[in-house]
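**Student:** From TrEMBL, for reference:
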DOMAIN    A:63-514  domain 'Amidase'
ACT_SITE  A:LYS117  active site, charge relay system
ACT_SITE  A:SER192  active site, charge relay system
ACT_SITE  A:SER216  active site, acyl-ester intermediate
Amino acid sequence: MLSTLQPPRSLTLLPFRRFHGSKTIASLASSSPTLDASFVSPPQSQILTTRRSLLSGETTASEIAKSYLSRIRLTEPQLKCFLHVSENVLKEAQEIDQRISRGEEVGPLAGVVIGVKDNICTEGMPSTAASRILEHYRPPFDATAVKKIKEMGGIVVGKTNMDEFGMGSTTEASAFQVTANPWDLTRVPGGSSGGSAAAVAARQCMVSLGSDTGGSVRQPASFCGVVGLKPTYGRVSRFGLMAYASSLDVIGCFGSTVADAGVLLHAVSGYDRFDSTSSKQDVPEFDTQFLSMDSFESKPLKGVRVGLIRETLEEGVDSGVRSATQEAASHLEALGCVVTEVSLPSFSLGLPAYYVIASSESSSNLSRYDGVRYGNQVMADELNKLYECSRGQGFGGEVKMRILMGTYALSAGYYDAYYKRAQQVRTLIRKDFKAALDHNDILISPAAPSAAYKIGEKKDDPLAMYAGDIMTVNVNLAGLPAIVLPCGLVEGGPSGLPVGLQMIGAAFDEEKLLKVGHIFEQTLKGSGFVPPTLPNVA
Amino acid sequence: MATRALLAVVTASPPRMIQIKASTFSSSLKFQRHITTIGRCFSSDTNPSVLQPPDVSRLAETARISLTPSEIEECGAKIRQVIDWFGQLQQVDVSSVEPAIRAEMEGGNLREDAPETFENRESIRASIPRFDEVYLKVPKVLNKE
């Protein structure tokens, strides 16, 4: 029931996008989603296509790897998505080809070219979390998620740029370089997993791993026009993920399609004895969700109850983002969903509660970086001085600020007023989500209040930067899974800027998000979400 | 420390329920920068006289981070701004609400507390900035009494 919503203001959308003009929501809801003349072929899963073409002998892993490496060489000088590119890519690809030619089994990710965020440990490959304090650090082990990827034949192509230790929303807080958004090189890719998102958008890799503490997978996915999947807290082992805020951190997945993000999630999910917070819940075969378009019924999502979160479309959200979200809701209705508005009364409290919790936990987690056992050391004549100088010179401005804010919030006498109170607010947020999800299968909202903004625009204004996380932080506080997928374009850049739709599900129900997301994506009309700056990308 | 005095005179007001969403949503997006300290109120379960604005030099010492004078100035201004903004949490009535330390999850996933040998020891040692045989090397710890 969308009668309370404003009609879509599509003037801000580019003309080639779907649902433009003066169509009303009612007329869209009754139109068939799949039988439209303007329909362009839906995006194809890179992982499933790779597997098919490798096994049929149509191409080789070496050919695929070479084409990705050459695209990296071509685009990296402008984009700067990677902090490190692996020297072993071709060698690993050749090994896969040899196995295939010998008729041996290969893993489900064989030949898949994967980027890994730099705060996820990769054995023998630099892993710095984009911080000076870990410059040149090479971990002695693989994170469990990386280990699983390698065991399944995936090729780690390199380590992607990020905001230092995940603290930021633009990737400008990297100690080493600023990543550009492939849709407009003067804009940020979002963050903190900006390198992982931009690399997938620019087809420098097929899929990538990121981490999401308050939106660090979903917001850059929205800014870069790719799919970003934040799993349920506990779904993926965090062993080898450099801890930022342990009660919130999860490893997440990027892909250019929902199927790719889902297949990657399936690969990295599951209980791990090295992470006591990982869950023993069954990991369902997500693959069965990714039916081909031909098998869709006319209302493939008939009866799915969707709650549109009212608070996410209020003042402060760009009008283009608002209309794209409302049109996405109409599209879901056209697919058979029952869309109603829901209210989360505690919604606005999530942002300050999140920043109290994240800062507090970071001040504790980052105490391990002391320059003694690994990382950069600044020598001094006294031990405390060594700590202070190593940390003072090793951490960037935003990291120092958050550690100090956390130190303040956890100080004796302040704990109840800040940290404990924020934990109580988390209880309120959890209850509100539970109530909303008791009546709905999924909830939807924008992924961010705006599309990608200019590099430097919010760099010196922490509160303006934090405000951009309003759509995503609550989901981390509640520990729920959410997927962001491109749903429209707004004006800006050479050919428009992508806007992401966020779908939030009940704990451990990624399956439903992937099913709804896949059908939404495959039936979305338009040109696909390929950035204009890319040479020769299909 | 003028703000300390202001904070100290603020008394507990009747806790407001969290029906403030519509207004705070937009204001949290725009972040009214100049929230006056007097405007903040604390509900009865916190002791307002304890809350003092951050002393950045002391915090940096506690967190073992050396800061230059210009960093203290720049960082300090930003930290005060954000801590001020955290103040809105004091308006929420949470008197009967249990804190949630993280998302709901099953327990009992702890592994047995038994030592295991990590094979790649050389690689760990290679990361250590200074060591002497089996010891990490650091400057002397006890300087003066």
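From the backbone N, Cα and C atoms, a Cβ is placed for every residue, glycine too.
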**Student:** Need one number: mean pLDDT over the domain 'Amidase' (A:63-514).
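**Tutor:** Summing pLDDT over the domain 'Amidase' (A:63-514) and dividing by its length gives 96.
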**Student:** Give me the Cα-Cα distance between A:SER192 (active site, charge relay system) and A:SER216 (active site, acyl-ester intermediate), rounded to a whole Å.
**Tutor:** 5
**Student:** Where A:LYS117 (active site, charge relay system) and A:SER216 (active site, acyl-ester intermediate) are concerned, what is their Cα separation in Å, rounded?
**Tutor:** 11
**Student:** Tell me the Cβ contacts of A:SER216 (active site, acyl-ester intermediate) under 8 Å, same chain only and six or more apart in sequence, or just say none.
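**Tutor:** Non-local contacts for A:SER216 (active site, acyl-ester intermediate): A:MET162, A:ASP163, A:GLY166, A:SER169, A:GLY191, A:SER192, A:SER193, A:GLY210, A:GLY252.
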**Student:** Tell me, by DSSP, whether A:LYS117 (active site, charge relay system) is helix, strand or coil?
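**Tutor:** DSSP call for A:LYS117 (active site, charge relay system): strand.
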**Student:** Give the number of CB atoms, excluding that of A:LYS117 (active site, charge relay system) itself, located within 10 Å of its CB.
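**Tutor:** That number is 33.
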**Student:** With every protein chain in view, how many other Cβ atoms are within 10 Å of the Cβ of A:SER192 (active site, charge relay system)?
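**Tutor:** The answer is 35 other Cβ atoms.
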